[in-house]
Amino acid sequence: MAEILVLVDHADGVVRKPALELLTLARRLGTPVAVVLGAGDAAAGIAAKAGEYGAERVITADAAQFADFLVVPKVDALQQIAGSVNPAAVLVTSSGEGKEIAARLALRLGSGVITDAVDLASSEGGPVATQSVFAASFTVQSRVSHGTPVITVKPNATSPEAAPAAGAVESVAVEFSAAASGTKVTSRTPRVSSGRPELTEAAIVVSGGRGVGAADGFSVVEALADSLGAAVGASRAAVDAGWYPHSNQVGQTGKQVSPQLYIANGISGAIQHRAGMQTSKTIVVVNKDPEAPIFELADFGVVGDLFAVLPQLTDEINTRKG
Amino acid sequence: MSLRIVVCVKYVPDATGDRRFGEDFTTDRDGVDGLLSELDEYGVEQALRIAEASGDAEVTVVTVGPDDAKDALRKALSMGADKAVHVNDDDLHGTDALGTSLVLAKAVEQAGFDLVVCGMASTDGTMGVVPALLAERLGVPQVTLLSEVAVEGGVVTGRRDGDAATEYLQAQLPAVVSVTDQSGEARYPSFKGIMAAKKKPVQSLDLDDLGIEAEQVGLAGAWTAVDSAAARPARTQGTIVKDEGEGGKQLAAFLAAQKFI
Ligand SMILES: Cc1cc2nc3c(=O)[nH]c(=O)nc-3n(C[C@H](O)[C@H](O)[C@H](O)COP(=O)(O)OP(=O)(O)OC[C@H]3O[C@@H](n4cnc5c(N)ncnc54)[C@H](O)[C@@H]3O)c2cc1C
C-alpha cells in the first residue's frame, strides 16, 4: 500500500494529540510513515507512540538545527525523506509553523498544497480534503492536482484511535541547505500550562468577551470552566484589553475550535469570532443584550448578566456533581 | 543607502458582507464589496514604523489583483507608503497560493528590496503561507508571524508567539517578515495622507512585464482543484430565556438534559 508521510509534532518530549489524529487519518489513505524531528532523547518514546497509532515505519532525525533555526531545517529534512520514501501524500498539523513547513515543502516537491483540512477521505484521484471556509459559512472539498499532495490538517479533525503497527525506527542524517541557518531562534520560552485542557483539544470551551469587563472578571468564567473540566477561551476584545492571554483567543486570528459544547459569555458574535467557533456541536450563550447576533447561533441562550448567571450555573453544576 | 521596504497587500471581499464563490469555485471578487485586507493593514503599519525609525527608507506596496485592487493600494498610500505596484492580468483569475507567490516574488524582485513585509494571512483564503513561499522563492530568510518586529543595522529581529512557545528570532537582511494583528494597531489615513496619496505613483504591470507565462498561473496553472463548495446550513436558534433570577439553573437543566453534566 502507498506510504503516507506524517510529520509528528511534539513538545516537551511528548507527542501532541493532533499528531495522533494525523496518524489515524493517514491510515485511511495508506500506510503511515511517521517523521520525528529534533526530539533528542525523547525520540524512542515518541516513535513507540507513533507505532501504537499505526506507523509502520518511524523515521527520526536529530540535529541542533531543528531547535536553533526557524522552519527551513524541517523543510530540508522532509524534502530529503520524501525523496527516499516517495510517499503518496504528506500530512502536517495545521499550526502556524506546520502550514509554513508544508507550503515550502510543496514548492520544493513541485506539488500543490492544501491547508486547514477538517477531514480527509481517500479517492481514486488521491486524498480529498474537506475545508471550512469564509468564517465556516462554506464547506469545500478539494484535491491536490499536481505532484505529491501536501496537506495540513486542523486539530480535532478526528479522534485518535490506536492501531498498533510495527513502528520500525530508522534514523537518518539530514544534509541541511544554506537557507536552513537563515533565521536564528535566539531564545524560546515554552508556554506555561494553565492546568486546563488545551483550547483546540477540549471537549468543552467556556469563553469570555468584552462583557467580562476586566481581567478579574475572568474568575467567574474560569470557575465555570473548572466545574465542567473545560478550556477557557476569550474574544479578541478581551485579549486586546489585556484581560486574557492571546494564546486563548478564539476566532479568525486566534484558535479555531470545534468542541462538543461552546459557552460564549459577554461576546457579541462578530464574524471573526464566529470563524473560530461556529462549527461547535452545541452552542450556549449568555449575553445581556437580546439583540446580540451571537444568539443566532445559540442552541440555548440566557439573556442576562453573566455575573449573575455564571456563578449560579457553576454552583448548580458543582451541587449536581455532589 | 536607503532601506527598500516592499509591503505585499491583498484586496479581499469584505468579511462582514456576503462572501461567496463563482461558478468555477473561485472566490467571487466582482459581486461583493472589497477592501484592503485588515490583516495587511498591520503589515503596512509595521513597514511605516520601520521606515520612520530608520529615517532613510522607501516603502513600496505591491498587490496582485483585479482592477478594484487599486483601492487597497490607495489605502496603503494614504496611510503613508511612498509608491505602489499593481500586477493585474486577466490570466491571473483563479491563481492559487503557489502561483501568487511566484507573481509576488517577481514583482518584489523587480521593485528591489531589503525587507518584504506581509500580513499574517489573507482574510479570505486565510492560508497564511504566502510569506513563507515568498522567502523560499526569493532565497532569503523568513521571519514570520511576528507580534513585535524591529530592524537595526541590517538585522531584523522579532517575537513569534507560537502554539507551544514564544520565540525570539533574528536574521540578516534581505528578509521576508510577516506580522500578526498583535503587532500594533494600524493608523488611520489622515486627510493630508488621503490627498497626498492621489499624487503618488502607481505602476501597473502584467504577466509579460514580469516574464511569467500564462500557464504558470490562473485556474489552469493551479496545483489544487476545488470539487465542490456548499453553503453550510444555517444553525437553527434554540431556546432563549430571559434571566429572572433562575437563568443559571435553567442553563444547568439544559446542560444536564444534553448530558454535559
Ligand atoms: C482582521 C480581524 C481579525 C479578528 N480576529 C478576531 C478573533 O480571532 N477573535 C475575536 O473574537 N475577534 C476578532 N476580531 C474582532 C471582532 O471583529 C470583534 O471586534 C470582537 O470579536 C468583539 O469581541 P466581543 O464580542 O468580546 O466584544 P463586543 O462586540 O463589545 O461584545 C461584548 C458583548 O458583551 C455583552 N455584555 C456586556 N456586559 C455584559 C454582562 N455583564 N453580561 C452579559 N453580557 C454582557 C454585550 O451585550 C455585547 O454583546 C477580528 C477583527 C478583525 C478586523
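Cβ coordinates come from backbone N, Cα and C, glycine included.
Look at TrEMBL and you will find A:Arg210, A:235-236, A:249-253, A:266-273, A:Asn287 tagged as FAD binding site. Summarising the annotation, TrEMBL assigns domain 'Electron transfer flavoprotein alpha/beta-subunit N-terminal' to A:4-185.
Its Cβ placed at the centre, A:Gln249 (FAD binding site) has 25 other Cβ atoms within 10 Å. Take the binding-site residues A:Ile267, A:Ala270: by the count of other Cβ atoms within 10 Å of each Cβ, the lowest one is A:Ala270. Those binding-site residues from the list A:Arg210, A:Gln249, A:Gln252, A:Ile267, A:His273 that have a Cβ under 8 Å from chain B Cβ atoms: A:Gln252. With the fewest other Cβ atoms inside 10 Å of its Cβ, the least crowded of the binding-site residues A:Arg210, A:His273 in this structure is A:Arg210. Sequence-distant contacts of A:Gln252 (FAD binding site), defined as residues of its own chain at least six apart whose C-beta falls under 8 angstroms from its C-beta, comprise A:Ala135, A:Gln272, A:His273, A:Ala275, A:Gly276.
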